[in-house]
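> Provided herewith is a single structure, encoded as structure tokens, for subsequent inquiry.
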């Protein structure tokens, strides 16, 4: 019986030693943070008191170097292998977690590690094999639209049975005309702007997965990002067709072509400004509608992008000034309706809380799912106002939607005349008449004053030449006044 008990204890000890010495594989990408696990469960009693933790990197069966060490006193020691990039979290020791965290993982960190823990009179150890991975392009950038690229997956060492798969922005890739998947590389043909993003190599081994990524930026024409974009230009207003190359690129031989009615016509434009080769149409007309193609050369690659110009306008019936109380209809007309499935009418209102003059004006939606707020009736691209009022006057916007995405806005002005405007005109006319009358009276008074001034000057000049005559006149005038006073006094006394 004693022999059987001893045998069972030996088997248990052997299993525990085997479990402790089993090697665990961990995968990490270059530059990432990796955790080398070293766990002890169930948790031994008193493991947090007087615990010594020592991490080693194994170079051979007989050679290993210290990476990080924590003594019973709590003091920590680092080696030059990781230069303080590796550390275990001491507060977690009480839960049996002695894992080592390595920051900014490098290829030189790959290899086998040993975790040795001593507490009281007991000790245990764990073995970890760290595999460091990297995804990088075979050729150096920049990577231009239309070119090809090969991404290579490299690892410090490769465990037997590990499998690799490739993902773009989280989506698993399959071999196709554009993508050629090999064992540890990926060929990408005919690069375009949509290929920009994260390209990931996923490694699966023993039920665990690890990923390492490379962020690819494809340079070319950044705006618009792809061909087929649509610009909605308002009739009579300027419109800009974008063609902006990626930052850092200096395109050469840039130009535009216009395709309309099955003919291709070169379009002249001002000299390009750096990477901006956009085309400005000063005043849009309906004949300008069609497909425009911008092109330029970068590092020997010819890049082009097509843009469709759709001409839009808003017509008002009746045209011209609309009388208050009358019916008016607003119609949004496009040269191409294929990309628009919904119209929405809005009226621009002043922002009462606006303090910065550069703030955009508010747009109060006129239509709701239940009807219209300002008494209007919506019918597809036409908006009918049965009785127009002063509140309808001002700036309006016809908004164009494609699959609930706003793709264009067409502004226009609605002019409304009514009683208030008529009285304002009358008041203005009265003010003009009053100002005219006052001006006339002022001129008359000025003439009278001028005549009196001239008369006084003539009289003064005459007296200067005949002073005796002036004395006689003065004496006669005095005598005449005295005789008049005497006659008035006799009348008052009576007969």
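Each residue, glycine too, has its Cβ placed from N, Cα and C.
What TrEMBL lists as signal peptide is 1-22. What TrEMBL lists as domain 'Ig-like' is 31-125, 145-213, 225-308, 312-408. The annotation transmembrane segment is assigned in TrEMBL to 432-453. What TrEMBL records for 472-495 is region 'Disordered'.
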> Quick test of the contact rule: Cβ under 8 Å, at least six residues beyond the ends. What residues does that give for the transmembrane segment (432-453)?
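For the transmembrane segment (432-453), the far contacts come to none.
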> Looking only at the domain 'Ig-like' (145-213), how are its residues distributed among DSSP helix, strand and coil?
3 helix, 37 strand, 29 coil
> Count the residues of the domain 'Ig-like' (225-308) that DSSP assigns to helix (H, G, I), to strand (E, B) and to coil, and report the three numbers in that order.
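Its residues divide into 3 helix, 47 strand, 34 coil.
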